[in-house]
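Worksheet for the structure shown next.
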Amino acid sequence: MTFHSMWAELRPIGRSSASGGYRRFAWTGADTDCRDWFRQQAESRGLTYELDRNGNQWAWLGDPAEGDAVVTGSHLDSVPDGGAFDGPLGVVSSFAALDELRARGVRFTKPLAIVNFGDEEGARFGLACVGSRLAAGQLTVEQAHRLTDADGITLPQAMERAGYDPAAIGPDPERLGRIGAFVELHVEQGRALDLSGDQVGIASAIWPHGRWRFDFRGEANHAGTTRLVDRHDPMLPYAETVLAARREARLAGAVATFGKIAVEPNGVNAIPSLVRGWLDSRAADQATLDTVVDGVERAAREYAEAQGVELDVVRESFTPVVEFEHALRDELARILGKDRDAALNVPVLGTGAGHDAGILSGTVPTAMLFVRNPTGVSHSPAEHATEDDCVAGVTALADVLEGLACR
Ligand code: HGY
Ligand code: MN
Ligand code: MN
């Protein structure tokens, strides 16, 4: 099983020695090193390597022009101090599954491709799934050109500095039109498989989810000499809004997180002029998500007004609910269930985590396989999957690819 050697090669890239987490942000040196690794894996297997107009990487077996291709893969970028498995498990498992199929001596009747979608986490520019959104026409070139990181570098500038031509970005219907099915394997970001005792599961749906930026603008002043009654401190309404988010989510049975904050001027002895907080909220359905976000925004406006602080709320990223195509989902369940006791059917589970498969689901038939995560922890250096479960995932992916591409 080639999984282990690839895993060992990829593991040190972009890993922080301080946290043990990963910092593989779009169009940075770590991202380039991951991309170099992907290209080396593709070319060492005699696959045809392609870099598409949006910076996504493809490794082809067979002629893409034949169409109805079976595509698998995921992403290699990470959230700040993310875990080793979120994204890379899908890419490494794809190459290992191809090696397994070649060892089985199967005959491919359709083109096969392995893909690395760029900038899935949106850690640098704030928008999730940039590479797949651009390809699917869900992000316009103008919108992409406006994406800016914390240092004021735009996406096109970052692409250019990394050696890519940003003038080429845009919808890629011809490429997506070649895909008959996209199957993404991903570490589960939850404990459903741990609780059910299964190594592998199939995705049913992705919750609607988004990211909203709350800008609280107050009045900078001296922390030591400004009377409390004279303050317009944006940190107060921000803090109250964080608690309101938890309350609204709890009441609605949803989730809401303020995980990122930027304070200006960010001085210990200075009342801030600006507190910028990012809300990530997700719910099982759109109406519930709307209820939560509207409730948080309403509360934030009341708190801001009470402190004489201005508030702007901007939606920076949004993904509607995804219901994976039933026919492909059921085909995966049939393929994976055929050698098992009917009572032990492969579990089908929903998720609150976004994926490129979700973005593409409106354009091509997509499905997802999840590999057990014993603690459910993700977006953390503690994210983990056992070696045995990773190997089970590779075998399941190989079975699925054989069932779909080797009829
Ligand atoms: O945020 C997400 O759900 C994914 O990890 N990008
Ligand atoms: Mn992630
Ligand atoms: Mn992911």
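Quick reminder: no glycine exception, Cβ is built from N, Cα and C everywhere.
Listed features, source TrEMBL:
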BINDING   H75, D86, H186  Zn(2+) 1 binding site
BINDING   D86, E121, H379  Zn(2+) 2 binding site
BINDING   R211, N269, R282  allantoate binding site
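This view paints the features noted in TrEMBL onto the structure.
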{"residue": "H75", "record": "Zn(2+) 1 binding site", "Cβ neighbours (10 Å)": "28"}
{"residue": "D86", "record": "Zn(2+) 1 binding site", "Cβ neighbours (10 Å)": "26"}
{"residue": "E121", "record": "Zn(2+) 2 binding site", "Cβ neighbours (10 Å)": "24"}
{"residue": "H186", "record": "Zn(2+) 1 binding site", "Cβ neighbours (10 Å)": "26"}
{"residue": "R211", "record": "allantoate binding site", "Cβ neighbours (10 Å)": "21"}
{"residue": "N269", "record": "allantoate binding site", "Cβ neighbours (10 Å)": "8"}
{"residue": "R282", "record": "allantoate binding site", "Cβ neighbours (10 Å)": "22"}
{"residue": "H379", "record": "Zn(2+) 2 binding site", "Cβ neighbours (10 Å)": "19"}
- request: Could you round the CA separation between R282 (allantoate binding site) and H75 (Zn(2+) 1 binding site) to a whole angstrom and send it over?
  value: 21
Residues among the binding-site residues H75, E121, R211 that border ligand 2 - Cβ under 6 angstroms, in sequence order: E121
- request: For H75 (Zn(2+) 1 binding site), identify the closest of the binding-site residues E121, R211, N269, judging by Cα separation.
  value: E121
Message: Using a 6 Å cut-off on Cβ distance, which of the binding-site residues H75, E121, H186 come close to any atom of ligand 1?
response: E121
Message: Give me the CA-CA distance between R211 (allantoate binding site) and H379 (Zn(2+) 2 binding site), in Å, as a whole number.
response: 16
Field: Residues among the binding-site residues D86, E121, R211, N269, R282, H379 that border ligand 3 - Cβ under 6 angstroms, in sequence order
entry: D86
Field: Residues R211, N269, R282 [recorded allantoate binders]: greatest CA to CA distance in Å
entry: 36
Query: What's the CA-CA gap between D86 (Zn(2+) 1 binding site) and E121 (Zn(2+) 2 binding site) in angstrom, rounded?
result: 10
- line: CA pair H186 (Zn(2+) 1 binding site) / H379 (Zn(2+) 2 binding site), Å rounded to integer, equals 13
Query: Can you list, in sequence order, the residues of the same chain other than D86, E121, H379 whose CB lies within 8 Å of the CB centroid of the Zn(2+) 2 site?
result: S78, V79, G82, G83, G87, A123, Q189, S378
- line: For Zn(2+) 1, residues beyond H75, D86, H186 with C-beta within 8 angstroms of the site's Cβ centre include exactly S74, F85, G87, P88, L89, G90, E120, E184, V187, H355
